[in-house]
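Before any comments, here is the structure.
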Amino acid sequence: MDSNTVSSFQVDCFLWHVRKQVVDQELGDAPFLDRLRRDQRSLRGRGSTLGLDIEAATHVGKQIVEKILKEESDEALKMTMASTPASRYITDMTIEELSRDWFMLMPKQKVEGPLCIRMDQAIMEKNIMLKANFSVIFDRLETLILLRAFTEEGAIVGEISPLLSFPGHTIEDVKNAIGVLIGGLEWNDNTVRVSKTLQRFAWGSSNENGGPPLTPKQKRKMARTARSKVRRDKMAD
């Protein structure tokens, strides 16, 4: 096992512990608490994968951080903070929408890279909006917290979430997963739109009809799907 992988996990465990103390003292806001809960599940998954005890890793992580802080001068810390861009937390969904439980009549689940895609295949001919909570850096999506698909009535019919045992994903991973979710929902004649906020930070542009810009590969796939549907309709007639 790579030593850097172990030390990274140990430091992450200790930093999570510090953030938990912040929440216990009622100093954290809603996004802070949301990230804390999700990181806790991620750490459990990583600990299981690495075969490491979280409590023991936290103690070692504390020693690593204390050693770094002891050697770090105040001036170096100021320079580091000044040169490091701060990420922002973007919220399309309310806390209620983010935490609400939902159920599927015809569940379908697919893993796309480090992301898990879930959708209800029973949903047909609905207008659906994709909304997400995520962090942004340099005006680009950095980390997806959670994406959900909502009908006009407010029902949740789809979701994209990071895999707890597979930490880390890129903006391309997110866009690919969104493409898969849209394709799955549109197969049942649903009309899918993406929130302007998500369009802006994931694609850097906003489409008037609410759809994300499609790659040539996605356009070819949609064309093949449309041709197949036409053939099926003709056979049915």
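Every residue gets a Cβ built from N, Cα and C, even glycine.
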Tell me which of 34-38, 204-208, 209-213 corresponds to the motif 'Nuclear localization signal' entry in Swiss-Prot.
34-38
Just to be sure I understand, if DSSP states are collapsed into helix, strand and coil, how many residues of the region 'RNA-binding and homodimerization' (1-73) fall in each?
61 helix, 0 strand, 12 coil
Need one number: mean pLDDT over the region 'RNA-binding and homodimerization' (1-73).
87
Contact set, same chain, for the motif 'Nuclear export signal' (137-146): CB under 8 Å, 6 or more residues outside the stretch:
34-35, 38, 85-88, 93, 98, 115, 159-162, 169, 171, 174, 198, 201-202, 204
Three-state composition of the motif 'Nuclear export signal' (137-146), taking helix and strand from DSSP:
0 helix, 8 strand, 2 coil
